[in-house]
Amino acid sequence: MTEPVVVAVKSAAPYDVTIGRGLLDELVAAAVADPRTTKAALVHAPTLAQTADAVREALLEAGIDTHLLEVPDAEDGKKLEVLGFCWDVFGEIGLDRRDLVIGLGGGSVTDLAGFAAATWMRGVRLINVPTTLLAMVDAAVGGKTGINTGAGKNMVGSFYEPSAVIVDLATLESLPPNELVAGLAEVVKCGFIADPQILTIIESDRARATDPTTPELAELVRRAVTVKAEVVAADLRESDLREILNYGHTLAHAIEKREKFRWRHGAAVSVGMVFAAELARAAGRLDDATADRHLEVLHALGLPTTYDPDALGELVKIMGSDKKTRSGMLRFVVLDGLAKPGRLAGPDPSLLAAAYSVVAGRRRTPGLVQL
Ligand SMILES: NC(=O)c1ccc[n+]([C@@H]2O[C@H](COP(=O)([O-])OP(=O)(O)OC[C@H]3O[C@@H](n4cnc5c(N)ncnc54)[C@H](O)[C@@H]3O)[C@@H](O)[C@H]2O)c1
Ligand SMILES: O=C(O)C(=O)C[C@@H](O)[C@H](O)[C@H](O)COP(=O)(O)O
Ligand SMILES: [Zn+2]
């Protein structure tokens, strides 16, 4: 990819996701797009301190007084006290309604910065600059913002869309390989729910699909962002269709909560997708080949596909507070075939147990030989 590629999110307040390499100029252009903006609060993870400095310099040159807010890393940043810290700094620097918040980092930072922007003076302009694969293809796009609470993952937040998303693929070159692979879980998710070509690209050459410098990875990013953009443009507030982006997340969020948010989100989603596929297979809704393909592709990428064999009871309890639950009835996004997402409501405990026996590693699926 030489020229940046733009994926338009055609929601009520449309915005562009610009994907390329070395996009500082595009970021500055997005920032100055509103000529009333004189100040920016740049929220970033500690690992992005150097990049944050470079962005600040460029914005200062463009006449935007830019303040850096370094927040705790990963899920430690998605906390009420950190949100409070952001609000305090916004107040101290006099950030007003014409100004700008920039989220620079992984999904934990874009979720936090997005919610801080959504709530400050009831909403100030937001630009997301995702620097992990997961944030590029998922967290930074689509307007879900929020923090975790004692009750669980992302329990407080809002739907608040950015005015621009700048995806600089060059930032992936410093990302630890395990983080890149974790991000691929959400890419694989898009493959199963909507765009099977994603799976073919990964299966054809796993090494190139996991190399941040290749056109294959750039194409995976473009395809996954396109899936997300189309879904959120049709159903921003998750009244129905958007739930498909939650494929694998019912179990994933329960695992994350049980693990006190120390698991990588993408790793939990990987296990959650295996569970959802097995649930659909056990319910007679998903063919063996597609169910087996989950284990094969996720395992080949080095993502986890199993979890504590004795945790099902606890996980079912935690899943009770999943946001898709209705009148106390658990609801899962499942597949009725490749790229045919449906819903499974109130599964019988025997179905949950059958599906979990694969996650627990107690039952191997017939099609799978390499595990
Ligand atoms: N809002 C949404 O729609 C949405 C979608 C998917 C996930 N999420 C949320 O996103 C979060 C997970 O995001 P994540 O996987 O990006 O994790 P993360 O934000 O915790 O980042 C992972 C790690 O990578 C480091 N890092 C980030 N960019 C780097 C770079 N370029 N070079 C080196 N290190 C870098 C971070 O400091 C961190 O340690 C979860 O909280 C999840 O709930 C939100
Ligand atoms: O954008 C969405 O919608 C998603 O569900 C994408 C998920 O990958 C993401 O992890 C999201 O934050 C989950 O949201 P939640 O509503 O289940 O908390
Ligand atoms: Zn997710």
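Cβ from N, Cα, C; glycine included.
Residues His249, His265 are recorded by TrEMBL as Zn(2+) binders, and the candidate that the same record lists for that site, out of Glu173, Glu186, Glu314, is Glu186. If you measure from the Cα atom of Thr131 (NAD(+) binding site) to that of His265 (Zn(2+) binding site), you get 15 Å.
Ligand 2 lies under 6 Å from the Cβ of Lys144, His249, out of the binding-site residues Glu75, Gly77, Thr131, Lys144, His249. Glu186 (Zn(2+) binding site) sits 15 Å from Lys144 (NAD(+) binding site), counting Cα to Cα. Counted within 10 Å of its Cβ, the other Cβ atoms near Lys144 (NAD(+) binding site) come to 24, all protein chains included.
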